[in-house]
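Annotation comment: TrEMBL describes B:ASP146 as active site. Annotation source TrEMBL lists S-adenosyl-L-methionine binding site at B:GLY67, B:GLU90, B:LEU91, B:ASN123, B:GLY124, B:LEU143, B:SER221, B:GLU222, B:GLU223. The transmembrane segment annotation in TrEMBL covers B:158-180.
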Amino acid sequence: MSTEQQTTTTPSITLSKAPISFIAHSQNGELIAFAVNTQLFVYNSKSNTFYDIAPTDQHTAFVRSIEFSNHKDTIADNGFIMTGSSDKCVKVWKVVDGNKVQCSKTLPLNKKIICTALNNDNDSLLVSDKCGDVFRYSLFDDSKNKLSTPNQNNNNNNKASKQDERESDENLSFGHYSSIIDLKFSKCQNYLFSADRDEKIRVSKFPNSFDIEIFCLGHKKYITEVLVVPNKPELLVTGSGDGTIKVWNWKQGKCLQTLDLNDKLIDAVTIPQCFDEKNNNLIVSVEDSPNLFIYNFDQESSTFKSTPTTVSLKASPIKVSLVNNSFLVSLMTIEPTSDLLVELETTFEIRQQSIIAESVNKISTVSLDKNALKTLLETIEKKSNRKHVSYARNPQIHKKRTNGGQPKDDDEDDLDDIPSDLDDENTTTDAATTAASQEKPLKLRKMTVEGAKEIEQELASAKQP
Amino acid sequence: MSNQVVKKKKAIKPYHRIKAHANPASDYHFYYPVSPDQHDWSKNYPDIIKADDEESKKKRVEIADVGCGYGGLTISLGTLFPETLCVGMELRDKVVQYVDERIVKLREKTPGSYQNISVIRTNGMKYLPNYFHKGQLQKIFFLFPDPHFKKANHKRRIISPTLLSEYAYILAPGALAYFISDVEELYLWMYEHFKNHPLFQQVERHVAESDPCVPLIINSSEEARKVNRIDGKKWYAVFRRIEDPATKDKSFVNYTLTSPKESTTTDASI
Ligand SMILES: C[S@@+](CC[C@H](N)C(=O)[O-])C[C@H]1O[C@@H](n2cnc3c(N)ncnc32)[C@H](O)[C@@H]1O
């Protein structure tokens, strides 16, 4: 299991750097925001300085997402920044007095936020929780939001009352039966992509998200990331634990191309990072690999060239963001002396005197104990939301049954199966497993042949006249 | 009839312990196709769909019985709609095995018949889009689903606002969804959720009552018979998949009740 691997690779040091888990930027590239564990950093690329953020404004748990408002009315003043965190809050941030970034609003959602998507209307915010439900909130009109009170937030660990909340939640927009790993809007904003820990990518209409347009099915393991390519809005690029990148015509749910990295790496987990529109390059990273894989889009054939160029880095990249004509790459590193961020030219040479990388690499080291660090690293990779194995490509099990061989006696085995998504509400897997198995009633049902006999007689008599 | 041979061949419901409920939220390790086109339906309907005959592959399943249990409804539907492919979907492996054998025996007994029915082991709450294309189904059935009384387990119920979107997706506009329960609380739950979903509209009572599927949902499944034996009540409703939520009529408030007295089934000992 991946948790164990993680333990062995994590050195038992307490003072280390926390990697940058998220990078986002304003549309004009002036503001660049970074998430480091629980903290938000905002950098001004014109003045090459960080904005001041009051420590009391910061989230109290891991920052899961950063989004810049992209409505045309707000671009002039750089709009606002929105962050979602494991502390179950969404915050809205604004630049004030020229050198400060202030939290102007906190929405307590009382849900473990897995991912968010901000609509261009500058107000609709979608949030997916651990159970695969997606809620829609208004950033600025609180009358549309059902928010939790702080005491509910802390004391309510009772499953039944949690369920009560879920059922009465007017903000529920749609949901998957599995945890949603990524949520993105189409360029036109009228569709929504949601990808889950099974293998599904769902395309829903927006705002009528109860109406599913299509599913993009083809991946054989969990999805890692959904990438919308702005200058090719009809395409969708996805990564997966199955080691491939798939390119879709999402409107038709059709897979146009599969870029397979399995021949280069064993058990590759692919992440499409960004698309360089000028040079038509798709940048892909692979979990635990220090390489970036660059796929060039051939305009003539309208497909990606199947052989990537490889770029080697010092550590495995977490996020790659194209800002102001260069790539900012955050690295999975915890050594106090190593770099958290490198800047690459669009030709992929490392920029030697990078002002931004130097500034970012100076930001304070955080002290974390071994466990906190381990959790952080796992959270960064969203590992907890993944299913370890998928059996979609193992029809052996099915064959066994249909060929009349001994069936797998797994009705009973199910009892100590992997915990359900629902039970994930308790963060620790062990607790969830025991809770689930205690609850399951093991009833015995008397089986008789009468029912079948009766029906057969009836069917026989129905056939006679 | 040659009872001896038939008797020997008759599928026997397993006497071993079978869990009465399965947890749909678990990750069961069974096969499911990556996408509808990847499933080889010729294994399910060998007389109708041939792996090497592209034309025959155009024939698609149009009726699904979700949580089919021992298959009573699936089999009756196959007889009622002999030209339509019908599939029962069930999560518990042993139950699926039983239905599978039952269908094999029926096919052997009456050659040429029961070719249009089959059973699949799957989780209806997760994998229907893996088996069916958008708008593929004409009818979907949810008969006597597990009630999951505990509040904390309500998300395991097979009808919920979020799952209804998925069911709406695989149903053709105008297609029908049927559900029935002997648990009033669960019935009301399902009814409310269907009523509130923008893509479903209740079928008028008189239309539902003349639907030939309605007698089947009331009496043909094993669970229905069990309820009859204990003289229990049943509640059902039929909803239509509509295309444009703007046309949704919100005026329906009544629901339909049936009691075994209306039914014609004979009493059987337990
Ligand atoms: C109470 S039985 C009713 C069976 C049948 N419909 C009848 O009327 O006789 C409910 C059945 O649904 C099955 N089931 C429960 N959850 C399911 C799921 N998510 N997918 C498929 N089957 C499911 C159970 O295993 C059980 O056999």
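Just so it is clear, glycine is given a Cβ too, placed from its N, Cα and C backbone atoms.
Structure with TrEMBL features highlighted.
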residue: B:GLY67; record: S-adenosyl-L-methionine binding site; contacts (Cβ under 8 Å, 6+ apart): B:MET89, B:GLU90, B:LEU91, B:GLY124, B:PHE142, B:LEU143, B:PRO145, B:ASP146, B:ILE158
residue: B:SER221; record: S-adenosyl-L-methionine binding site; contacts (Cβ under 8 Å, 6+ apart): B:CYS68, B:GLY69, B:TYR70, B:GLY72, B:LEU73, B:LEU143, B:PHE144
residue: B:GLU223; record: S-adenosyl-L-methionine binding site; contacts (Cβ under 8 Å, 6+ apart): B:GLY69, B:LEU143, B:PHE144, B:ASP182
DSSP output for B:GLU223 (S-adenosyl-L-methionine binding site) maps to helix
Can you tell me how many other Cβ atoms are located within 10 Å of the Cβ belonging to B:ASP146 (active site)?
18
